[in-house]
Amino acid sequence: MVYAHNLGFPRIGIKREMKKTVEAYWRGEISQQQLQQQAIELQLTNWKIQAEAGVDLIPVGDFSWYDHVLDMAVRVGAIPSRFKALNSNITDTMFCMARGQAPNGIETSACEMTKWFDTNYHYIVPEFTTNQSFELHHDDLFKSTKLALENNYRAKPVILGPLSFLWLGKCKGESFNKLLLLEKLLPVYAEIFEQLSSLGVEWVQVDEPILVLDLPPEWQQAFLTTYQQLNFFNLKCLLATYFGSLDDNLSLTCQLPVDGLHIDYCRAPDQLDSVLSQLPAEKILSVGIIDGRNIWCNDLNRSLTLLENIQSSLGDRLWVAPSCSLLHVPIDLDQENKLDVELKSWFAFAKQKVAEAAFLTRGLREGRESIGAELKKNEEVIISRKTSKRIHNPNVEKKAASVTERLMRRQHEHSIRKNKQTAQLNLPLFPTTTIGSFPQTSQIRCLRRDYKQGKIDDALYEEKIRQEIAEVIGIQVKLGLDVLVHGEPERNDMVEYFGELLDGIAITSNGWVQSYGSRCVKPPIIFGDVSRERPMTLRWIEYAQSLTTKSVKGMLTGPVTILAWSFVRDDQPRSQTAKQIALALRDEVQDLERSGVRVIQIDEPAFRECLPLRKAAWQDYLEWAVKCFRLASCGVKDETQIHTHMCYSEFNDIIEAIAALDADVITIESSRSEMEILKSFEKFAYPNDIGPGIYDIHSPRIPRVAEIEELAVRALQYIPIERLWINPDCGLKTRNWEETKEALSRMVDAAKHLRKAFSSEKTPTIDLELQPAST
């Protein structure tokens, strides 16, 4: 029989119960028993939603209090020694690995965090050593599976496959071949399968997303040997791939001794014919035809026609599913009561997407007429979106068509600009700054909420925001920071804020998705041509600058990041949408400069995450991404200093594109990786200024002054003294004021020590084992 199934469901809860519960636990307000009870309730709710929609096989093990990769590391005992020594409680150990701090007060340096493939979800990076051991360590998966079975759900446990798990981890200490760990790891996977089999499970979903990447030959070979060795203990294995095409990994994937294969049709429709021709006759094919990463309604008529053609070849060996886990979309469109009715009809969130998969499955089982009403209603929605006048703006399209190369060049090269900027800004050696946001207290969040709900008027809102800006400026001046920010109290999110002010973009009320841990974001929906009617940030920056003689940065989110962290229209190339956003930002940048703002930051933390997963497609993306940044930033005078910020980036393979952005200063996340990221600059002489993140803002742990100095000295191996900035890793929005003030105070003290040590009149007065880079 054709089955409808799902690869994973959002964890956060319809009302973000996960976030509220886990943060209450971190604060010591609830017990671990209460935490686990909430996990049970959230999972039962998720399973019920899917079962009622018509999903046949329900994913189990997709829930996590922080991250599924972290869960897998803990499950197989890949717990770094620094955590084992501090904590015997497995739940607190997990939180300590993620945050550097556990609810019981234990602190140490957190594990590294990075982006999950090309999504905006973050995972905790497993750490492996040459003497790494593994053992079955956590029974959460078995408890969840048993719970699902006891509640009469047909459970399909989901785990990250052994090769993807190793690939996504990093070697700690000396480098070595991670494949050597398979011999110790596979017996633990076998234990997992044995226990699942003993519970009476029929199918297990093993995720191996790295099969859509460019894999070295030894990793390709490792797939064959690994899956030949794995003992599934009579479980049927569905091997799940997603986010791209199998391409050169297709042949080996079809050879693996598994019972079924899931492919991402939405991201890689061209692979379907090759898959059908190579799939062994006995294997199931799960077609991910519902987009798990975007919010547009599926064209059910078109999808059903495609699936009917596949069914004619495969018969009952066809399964229907979303393209990937629905972790990346909001939970329920029914919770949106303020969206425009026509716009809302074009969308589908997780609850609606599993229903779409079930509709299509019923159509395959029982014939088109069985879902005739759904098909007719869906067809009307598809036509509505295609013909709506709100999609296209002739003025925007005309402006985009008139863009020339000249608009994407600064007046002079950076060396000339730097001299002018140095004269104007009068900055010291090792200038200090922050990335943008400052702590957002409950009072600020309530203020914005009351304003949106009409409970307070414009005048009171303006007064309160100005008070907050004045306080933030005063704190920075007192701390001794060199280039200031206004703190962004008016912004709930760095992308959503601009989404609210740009035409062609819709904002939801409850469209939350998980970014990392308990942090959730509400991505805007880009449904049409994007334009700016009026200045978006000008009044707040002008006010902030009026309070101090020090430079205050104008703060904008870049075109690629707005694109990456939004749900984007799928009826035109993403590059075209990015160009429209860049033009809107260019107008804002020029307005800021005209008002006297001397430093403007255009954040692009998503620049690298948007890279296609296959290198063959990189060049095209990098060309339009660089052009869009330059289009947004190059309309200013030499004296205006352009900053950009990037997170979680490995620069080695795109360093030339980073340089091509031609930002005067780039700040980057680097503290969790202990400045390893700066190795990118060993062979490439990056010409502009750099501010490597000098402490980790994602952890509540406050670094010592000596730690900050040590990281700065490491950075000087790669960055000339006169080009090094001192700053945190990222914005400070998620931290509290006590942590923030103390951490920034220590950062400023470290910068002062460095200036004294490296002043031209004196020999360095701190013990430096590392030699600074030359100019």
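Glycine too: its Cβ is placed from the backbone N, Cα and C atoms.
Residues or ranges marked as active site, proton donor in Swiss-Prot: His698. Marked as 5-methyltetrahydropteroyltri-L-glutamate binding site by Swiss-Prot on the basis of sequence analysis: Arg16, Glu17, Met18, Lys19, Lys115, Arg519, Cys520, Trp565, Glu609. Positions annotated as L-methionine binding site by Swiss-Prot: Ile435, Gly436, Ser437, Glu488, Asp603. Sequence annotations record features per position, and here Swiss-Prot assigns L-homocysteine binding site to Ile435, Gly436, Ser437, Glu488, Asp603. The Zn(2+) binding site annotation in Swiss-Prot covers His645, Cys647, Glu669, Cys730 and is backed by sequence analysis.
Distribution of Swiss-Prot features across the structure.
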residue: Ile435; record: L-methionine binding site; contacts (Cβ under 8 Å, 6+ apart): Val485, Asp603, His645, Thr667, Asn727, Pro728, Asp729, Cys730, Gly731, Leu732
residue: Gly436; record: L-methionine binding site; contacts (Cβ under 8 Å, 6+ apart): Val485, Glu488, Met494, Lys553, Met555, Gln601, Asp603, His645, Gly731
residue: Ser437; record: L-methionine binding site; contacts (Cβ under 8 Å, 6+ apart): Val485, Gly487, Glu488, Arg491, Met494, Gly731, Leu732, Lys733
residue: Cys647; record: Zn(2+) binding site; contacts (Cβ under 8 Å, 6+ apart): Pro605, Ala606, Ile668, Glu669, Asp729, Cys730
Cβ neighbour count within 10 Å, max among the binding-site residues Met18, Cys520, Cys730, goes to Cys730
Would you identify which of the recorded positions Arg16, Lys115, His645, His698 has the most other C-beta atoms lying within 10 angstroms of its C-beta?
His645
Mapped onto three states, the DSSP assignment of Met18 (5-methyltetrahydropteroyltri-L-glutamate binding site) reads helix
Among all protein chains shown, how many Cβ atoms are found within 10 Å of the Cβ of Glu669 (Zn(2+) binding site), not counting that one?
25
What does DSSP assign Glu488 (L-methionine binding site), in three states?
coil
Lys115 (5-methyltetrahydropteroyltri-L-glutamate binding site) versus His698 (active site, proton donor) - Cα distance in angstrom:
14
According to DSSP, His645 (Zn(2+) binding site) sits in strand
What three-state secondary structure does DSSP assign to Ile435 (L-methionine binding site)?
coil
Cβ-Cβ neighbours of Asp603 (L-methionine binding site) (radius 10 Å)
25
